[in-house]
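Engineer: Quick one: this structure, given as structure tokens, is what I'll be asking you about.
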Amino acid sequence: MKISYRPEIDGLRAIAVGAVILYHAQITLFGQQPFKGGFIGVDIFFVISGYLITSIILKEMIVTGSFSFKNFYERRIRRILPALLFVMLVSLPFAWMYLLSSDLLDFSKSILYSLGFSSNFYFHYSGTQYGAQDELFKPFLHMWSLSIEEQYYILFPIILLTAFKYFKKYLVLFLILGFVISLTLADWGSKNYS
């Protein structure tokens, strides 16, 4: 089910993209990096995705009285997979030509984990540090954010529909509880980051 075009969301996306680009450019002005918080653009993308996916699910449920997981996941696959496969196929010959064998092995693993939308776990548990010098040899390191987004697409509809079906009168309470848990985990994570 399509939702109507919202130009203000594209405006927010542009701000998010700009913030991330400026963050990665590491521009220095008067000895300071004014865009060192630009990584927040990724969070903006996550919020926009959450809003849009929730809107799609709720609109379909209200209009049709049901929700098709099959149609939902088919739309996600048609939207994400062609571009992902294209980038991977274009990257393969360059990786083969320029990466050392150990880096090529890591590259191959990152492709497989990216295709399984679990590269965030792969890079985390392999000890990869985002922003480290060796990230130049990890061209799919940025796929961690796509993996998180796809994991959200997989889990959130199930959680939302279960709550909507069985706990409808408690839905607001569940959303508030989810917000509080999320905020608590974010605070804890920021203090216990290693």
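Here, residue 1 is simply the first one shown, and the rest follow in order.
The backbone N, Cα and C atoms fix where each Cβ goes, and this holds for glycine too.
Grabbed the feature section from TrEMBL, which reads as follows:
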- 7-183: domain 'Acyltransferase 3' (DOMAIN)
- 12-31: transmembrane segment (TRANSMEM)
- 37-58: transmembrane segment (TRANSMEM)
- 79-99: transmembrane segment (TRANSMEM)
- 143-163: transmembrane segment (TRANSMEM)
- 170-189: transmembrane segment (TRANSMEM)
Engineer: Does the transmembrane segment (37-58) come near the transmembrane segment (79-99), with 3+ Cβ pairs under 8 Å (pairs 6 or more apart)?
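Structural biologist: Contact absent: fewer than 3 Cβ pairs fall under 8 Å.
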Engineer: Are there residues at least 6 beyond the ends of the transmembrane segment (79-99) whose Cβ is under 8 Å from a Cβ of it, and what are they?
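Structural biologist: Contacts of the transmembrane segment (79-99) (Cβ under 8 Å, skipping residues fewer than 6 from its ends): 107, 111, 114-115, 137, 139-140, 146, 150.
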